[in-house]
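Marked as compositional bias 'Low complexity' by TrEMBL: 184-197. The compositional bias 'Basic and acidic residues' feature in TrEMBL is assigned to 216-237. Sequence annotations record features per position, and here TrEMBL assigns domain '7TM GPCR serpentine receptor class x (Srx)' to 28-156. Under the heading region 'Disordered', TrEMBL lists 161-197, 215-237. What TrEMBL records for 26-52, 73-98, 131-149 is transmembrane segment.
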Amino acid sequence: MRSPSVVIWFLAEFYPDPELPANDSVLMYALSALSYLFYDYSSFVSVFLAVVRCACVARPLKFKTMFNKKRTFTTLSLLFLVAMTLNSLTLAIVRLGWTVNPWTNSTYRSIKFKENSQTLSKVNDILNRNIIAWLTYITVVTCVVILAAKLQAASRFRRSLASNGEPGKDKPRPHKSSKPSPPLESSAPSEKSSSIMSVKDVRVIQSCTWFGEGRTSLDDESKSRRPKPSTDEENTTRVDELIKCDKSMKIRQIALEHGTLKSTVYAIVHDSLGYRKVSARWVPKMLTEDHKLQRVGIPQRLLLRCQQDNGDEDATHVGVGLGEDFQAKNNLFDKLITCD
């Protein structure tokens, strides 16, 4: 018994006279369409899983990163749309109409078949129940055959490696016997061989040798460590002067000029002097209130100075720019004097 029939039986058994706005056939047809839709979608998902497993086993290096989360979700969504499109034929052969109940003189919704319903039904059966079904079946069987063949070939390859030994690797060592090995004989019993000497014996021999040479302590002697970078005050002052002379110098150029390592110059510039690189895009372009007041104050002081020095006549010939002031000159001699 199909699921739509079970639902109709349940309604008829427990709700014999329901006041529904539609006939039982409408509910039956809607549930049948949904069942066919999800049945086809489950078949498509099974085919997709079979293809993914077959591809990952047959060509693991090629399809290793192909089936990620995003592509899998997109593929499943497209398969659902394909299933909806194919099952749209089941809804295209019918239409909703009105039917009058003569006993109650009421109208309710019912299903009415279209004129070409038989043709569309045959097309739906041929396409969805034959062609699509056989394609999914053949695809799954093909993937299973390929998967079984590849797994069988891999199993034979592993057995051949286990029987012959993998080239380029050492053969397995023979199993050690449980019998104790005979003790080693030595021509000088008082002296142990270096091959069977333990770590404790080596330390005792080293200590005896050190004390025989005149050492009085077992502690390690202090060793000369790696010299620290030459970041003294003299080098720091010299690097600071080079930077102030040419602020566009790089660490490599300073190291060549100073004759020291780049790491030493880097430590002096960043750690000792505290210089940092500042990009132009990091500087804010919006002026603050202090900047605006400073811009207004500079021209006012400049005009006041010109009025005090030259009077009101020359104040109109003064141009004010960003941190610059100049006076309009009428001859080349005055310009040369101004440049000097």
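Glycine residues also receive a Cβ, built from the backbone N, Cα and C atoms like all the rest.
Whatever TrEMBL says is automated annotation, not expert-curated.
Each residue of the domain '7TM GPCR serpentine receptor class x (Srx)' (28-156) gets a DSSP state, and the totals for helix, strand and coil are 94 helix, 16 strand, 19 coil. Across the domain '7TM GPCR serpentine receptor class x (Srx)' (28-156), the model assigns an average pLDDT of 82.
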